[in-house]
Amino acid sequence: MRKKDRIVFLFFSLFVGLFPLVVASIKAVSHYIDVMIFAGIFSLVSIGLCLLMGYAGQISLAQAAFMGIGAYCSGILTTHYGWPSSLALMVGLVVTGVVAYGVGVPSLKLKGHYLAMATLGFGMIVHIVLNEEVELTGGPSGLVGISGLGIGNFQISSPFAWYYLVWGCVATVMLFSLNLVRSRIGRAFLAIHADERAAQAMGVDVSNYKVKVFVLSALLASFAGSLYAHYVEFLNPGSFGLMWSIKFVLMVMVGGIQNLWGAVIGTVFLTFLSNEWLHFLADFEVLIYGLILLVIAMFIPQGLVTVVATKLLKKGLRDGA
Amino acid sequence: MARKLLRLESVSRKFGGLDALRNVTYAVPEGVIQAIIGPNGAGKTTLFNCVSGVFPPTSGSIYFDGVRIDGLPSHKIAALGVSRTFQNVALFKNMSVLENVMLGRHRQSRAGFLACGFRLPSMKREEQEIIRRAREYLDFVGLVDEENKPAGSLPLGKQKILEIARALATEPRLLLLDEPAGGLNTAETEQLGDLIRRIKKTLGVTVLLVEHDMNLVMECSDLVVVLHFGTVLASGTPSEVKNNEKVIEVYLGSAAN
Amino acid sequence: MDFIQYLFSGLTVGAIYALVALGYNIIYNVTEIINFAQGEFVMLGGLLAVFYREVLHFPLAFAFLASVVTVGFVGYFFERFVIRYAREQAVLSLIIITIAFSIVLKGSAMLFWGKDPYTLEPFTQGEPWIIFGAALQRQSLWVFLTGTAIVVGLSLFFSRSYYGKAMCACADNPVAARMVGIPVRKMIMLSFVLSAAIGAAGGVAITPLSLMEYDRGALLGLKGFGAAVLGGLGHFWGALVAGLFLGIAESMCAGYLSSGYKDAVALVALLLVLFVRPQGFFGNAEVGSIKRF
Ligand SMILES: Nc1ncnc2c1ncn2[C@@H]1O[C@H](COP(=O)(O)OP(=O)(O)OP(=O)(O)O)[C@@H](O)[C@H]1O
Ligand SMILES: [Mg+2]
């Protein structure tokens with residue numbers, strides 16, 4: 001990790017660590033813990049998508065579908081078959097990994113637009129299956145009675161436990177990803193992003209890396225999906241449709257496409273936006289998301305978070321001097 | 001007669017109805033600087049693309065050090081020891097100068113996802129080694145002072161040199177340079193000639209040089225082959241080629257206008 | 001006869017997919033951009049026609065025209081104020097931009113019309129015709145008529161008119177087209193207006209049969225893209241054949257296999273084609289490989 005990352009990580013840990021303690025003591029915002037748990041779960045997805053999209057330059061509009069595969073594996077195995085949640089989660093990872101590999105190998109041979117359409121089509125197929133396999137998934141009315149998360153007798157039940165579990169995972173995944181992008185593999189991603197032909201001529205096995213980072217991002221989504229299933233204990237196909245895949249793209253874009261910290265901050269910001277601040281504007285939500293995405297993609301490709309952070313930093317330096 | 005490092009046997013490449021290469025048979029001995037010249041559209045870049053695996057030849061076979069390489073994907077050909085630069089500079093503009101060269105070391109390093117993600121000691125050691133070697137190559141081409149600049153911010157001359165450093169970092173035995181002097185001024189071209197000679201002498205790399213700058217070609221190269229409409233028109237030492245009648249006809253004919 | 005019945009309904013939706021596919025092709029040929037908002041034009045066309053007819057009480061033919069013109073204007077707006085500033089961006093941002101615009105259209109439609117489906121009266125009243133024991137809705141015929149009129153009009157436009165020929169030239173070689181003085185920018189603009197209007201016409205025609213709601217665009221768009229790819233992206237007749245084929249396949253699946261999975265048919269076909277033969281069945285791999293994206 002670079003020095004800058006270390007400092008940011010320190011602040012991040014402090015903030016995330018203290019957040020529930022502060023929030024829990026203020027009645028009006030005590031439910032923010034719950035929102036933050038969701039934000040943490042979604043952050044796992046957007047970190048994966050940031051690696052795929054920002055670093056390796058490959059788009060995926062199927063992240064919500066991968067999340068859905070993980071979630072429904074957890075949901076179905078614990079409700080219909082009485083499996084322990086931790087085992088169900090692992091099976092979810094394996095299933096998602098295999099599916100992502102199967103979809104990734106042929107898709108990632110395709111160029112930009114085709115790749116986007118292929119993942120979009122795949123995501124919609126998953127959504128249709130979730131709606132149609134009523135006996136397994138409960139169909140549109142949903143799957144209820146999913147067990148909580150636990151290993152043996154140890155159950156994760158309090159919001160605090162969930163909070164620290166989820167954000168512990170986020171921190172671990174974040175460290176892993178930061179290390180990854182500052183290594184030979186991260187350089188290979190960036191090279192693929194910049195110029196596939198040149199990367200390959202320099203000895204980078206381009207399709208291999210593309211598939212690997214695609215599977216990695218799918219696994220993170222699946223893991224997040226399983227956490228989601230065990231936390232909410234209820235699933236419904238609507239949470240894994242196209243709109244959600246686009247929301248993940250938006251979360252990454254808000255943070256600045258090639259900025260892992262930005263992806264987390266963007267995710268937290270948008271989760272609060274839709275769960276809290278824009279709640280009364282629910283009908284406008286889709287429109288607002290579209291507009292934000294449009295403006296960022298057109299005018300602020302480096303992302304809102306990056307722009308604001310740079311501004312604050314400059315201001316801080318000026319005031320300090 | 002020196003060993004042949006690269007052998008082309010009746011290599012052809014079609015683009016739709018256009019024959020970019022027709023039945024090219026040619027062999028490059030090890031340890032030479034081999035120039036390839038020819039008018040625009042003669043098929044020089046196409047030849048490079050076939051050899052480096054950007055696309056396969058339509059027919060014919062290519063051997064590198066006795067191993068058949070036509071049709072292999074380009075990262076495999078790179079792994080065998082063929083590296084190249086591109087006619088239109090193809091640097092990774094989003095990365096720093098040093099990182100570009102470090103990418104060249106990709107094949108020479110092993111660390112996988114887990115080792116990289118968890119920064120295992122083996123990976124850290126390897127990374128140090130990558131940096132050290134990358135700096136050596138930057139030093140070799142004379143760009144060591146620029147290592148932290150974004151690759152895209154360098155002037156064109158330096159970008160071309162950086163691309164050579166990146167290619168050298170893969171430790172090739174055969175280096176393909178596609179118009180390295182294009183867009184360079186006289187002083188820069190002289191330095192480039194110097195660099196190419198050092199690549200052969202110091203590093204022992206065989207160089208294939210596509211170039212329009214005849215001074216550079218005549219000064220640097222040991223052998224010259226002339227491509228014309230996708231076929232080999234003539235080959236030999238620079239002075240032989242210079243005095244070849246067919247070459248004079250084609251070249252002076254086109255140089256006249 | 002069930003089979004004939006399914007064939008009729010398949011051809012009807014297939015005609016709409018073909019129109020969407022044509023929309024993709026027109027823009028793609030001129031700009032090499034895939035417009036992810038293509039399906040939203042269809043949705044918008046249908047809902048706007050309902051608005052003009054039911055709220056403003058236009059005569060039906062005027063409602064049709066007004067809707068097509070309005071959506072054509074949306075296409076103009078999209079090109080003029082969005083695409084024009086983004087055209088030189090990397091393909092990744094272009095994709096995201098057209099997706100974002102599709103979300104904007106969808107979000108606006110939801111604001112105006114809410115989440116309920118709307119219907120429109122058929123273009124002509126009357127009992128369906130019975131052919132070989134199967135019922136053919138009069139509106140289905142209108143869908144075909146609309147489709148045929150558009151196809152004939154477009155082929156005349158491309159082969160006869162100055163603008164049409166100029167657009168073909170841009171598609172073949174934009175640099176050369178610019179050099180011989182064709183206003184490439186105008187052609188790009190025209191391609192967006194045209195494909196928006198075509199999508200809208202399809203949307204109006206289909207609404208009396210299958211209703212229309214704010215979130216139908218994405219699926220329609222994706223199926224239309226399936227048809228475009230199946231027929232070879234950029235290929236005019238390929239898109240038509242593939243669109244009708246997908247429509248029939250979908251309707252047969254709904255009839256004989258499972259109605260719930262009918263929407264998946266075109267998507268699975270799309271994935272299979274992309275994986276096995278991305279240049280489509282009428283396209284040419286060589287041409288595809290020199291395209292920018
Ligand atoms: N990918 C391609 N698709 C279609 N045609 C191509 C392609 N690459 C090259 N060509 C054609 O093949 C012929 C040979 O091109 P090539 O680039 O090999 O020439 P060159 O000798 O490198 O010329 P220059 O000196 O201008 O670089 C040209 O007519 C060119 O248009
Ligand atoms: Mg060339």
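Think of each number as a place in line: the chain as shown, counted from 1.
Even glycines carry a Cβ here, placed using N, Cα and C.
Taken from TrEMBL, the feature transmembrane segment covers C:6-26 (among others).
According to TrEMBL, the transmembrane segment annotation covers C:33-52 (among others).
With a threshold of 8 Å between CB atoms, the same-chain residues lying at least 6 positions outside the transmembrane segment (C:58-78) that come near it are 37, 41, 44-46, 48-49, 51-52, 101, 105, 121, 123, 189, 192-197, 199-201, 203-204. Residues or ranges marked as transmembrane segment by TrEMBL: C:58-78 (among others).
Residues or ranges marked as transmembrane segment in TrEMBL: C:90-113 (among others). Among residues of the same chain six or more beyond the transmembrane segment (C:90-113), those with a C-beta under 8 A of the stretch's C-beta atoms are 33-37, 39-40, 43-44, 47, 50-51, 74, 78, 82-83, 213-215, 217-218, 221, 292-293.
Marked as transmembrane segment by TrEMBL: C:141-158 (among others). Sequence-distant neighbours of the transmembrane segment (C:141-158) (same chain, 6+ residues past either end, Cβ-Cβ under 8 Å): 11-12, 15-16, 18-19, 22, 122-124, 164-165, 167-168, 198, 201-202, 204-206, 208-209, 236, 240.
Residues 12-13, 15-16, 19-20, 22-24, 26-27, 29-31, 35, 38-39, 41-50, 63-64, 67-76, 78-80, 83-84, 87, 117-123, 137, 139-140, 142-143, 146-147, 150, 154, 163, 167, 170 of the same chain lie 6 or more positions beyond the ends of the transmembrane segment (C:188-212) yet place their CB under 8 Å from a CB of it. Per TrEMBL, transmembrane segment is recorded for C:188-212 (among others).
Counting residues 6+ beyond its ends, the transmembrane segment (C:224-248) has Cβ neighbours under 8 Å at 6-7, 10-25, 28-29, 34, 38-39, 42, 151, 154-155, 158, 171, 265-267, 269-270, 273-274, 278-284, 287-288 in the same chain. Positions annotated as transmembrane segment by TrEMBL: C:224-248 (among others).
As annotated by TrEMBL, transmembrane segment applies to C:260-276 (among others).
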